[in-house]
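Structure first, then comments.
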Amino acid sequence: MATIVPTLFSFVRDTYKGRFDVATFEREVGRDFDNQEIAQAISKYEQEAKNLRNKDEIRKVIQYIDLTTLNGDDTASKVVALAKRAINPVPTDPSIHCGSVCVYPQRIADVKKFLASSKLNSNITSVAGGFPSGQYHLKSKVLEVELSVADGATEIDIVISRASALDEDWKTVHDEVLACKKACGSAHLKTILATGELKTLSNVYRASWASILAGSDFIKTSTGKESVNATLEVAYVMCTAIKRWHELTGKKVGFKPAGGIKTVDEALSYVALVKDILGDEWLNPHLFRIGASSLLDDCLKGL
């Protein structure tokens with residue numbers, strides 16, 4: 001550890017100066033994961049989720065949710081209805097709010113207009129930067145981020161280039177995320193790794209690091225459009241990267257699993273994982289979100 005830490009601090013310093021050294025990146029973040037160790041940990045988290053299940057924890061889960069609609073038939077009335085629900089998800093308790101409402105860029109202005117007219121507040125998340133494929137020119141990705149922020153998005157969810165990741169071109173992955181981060185201005189950046197398309201856990205770890213080094217405020221598992229979305233396996237790897245970053249720099253990066261999380265028990269498994277790897281200080285909406293469209297329904301059944 002004594003020899004690794006100064007090297008990585010130097011790498012972090014140089015990366016933020018725009019010098020991404022590939023050899024140093026590979027030396028510092030290239031690692032393999034023990035599948036048996038991960039499987040044992042996941043079994044523990046799933047059991048702990050059952051023990052966590054109570055009304056207080058369910059209320060906390062609701063506050064982690066980025067309440068999402070990302071469909072081709074989304075209309076102004078549909079996203080406004082979603083925003084109303086995100087602001088007051090539990091009718092009997094107006095103090096509870098979802099983490100944000102998440103919509104396509106074209107619908108940001110609809111949510112913003114509703115919030116202004118009703119004098120209500122909510123974080124507005126928008127997917128941008130070539131969502132969900134990432135197969136766009138960088139200029140168009142950056143422009144979409146800029147337009148989304150101008151329309152009122154307070155949080156931007158971009159997606160990395162899986163093509164670059166699978167080609168092990170981590171410098172390009174990093175540089176594209178960095179360009180989008182700069183375009184965000186004061187908006188928070190959540191970077192989606194689309195882990196279901198990265199093939200290996202080592203790639204997930206490297207993608208996590210490339211995204212963190214580029215200044216991501218959160219790293220997120222999935223777009224929700226892949227054939228395999230959030231899993232506890234990739235969450236374990238991503239949170240391991242976040243933990244290592246915090247150990248070395250003292251800086252905290254958030255974590256967002258998304259895609260296919262529909263039940264309270266599933267959500268609480270991620271809560272148990274984050275609690276174990278990152279600690280209680282991560283269990284708040286500033287550092288932990290869950291991207292979901294139907295999870296709220298199951299939460300309300302449990303209250």
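Glycine residues also receive a Cβ, built from the backbone N, Cα and C atoms like all the rest.
Annotated active site, proton donor/acceptor per Swiss-Prot: D157, K256, in sequence order, evidence recorded as similarity to another entry. Per Swiss-Prot, active site, schiff-base intermediate with acetaldehyde is recorded for K220.
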Rounded distance in angstrom between the Cα atoms of K220 (active site, schiff-base intermediate with acetaldehyde) and K256 (active site, proton donor/acceptor): 4
Cα separation, K256 (active site, proton donor/acceptor) to D157 (active site, proton donor/acceptor) (Å, whole number): 10
K256 (active site, proton donor/acceptor), number of other Cβ atoms within 10 Å: 27
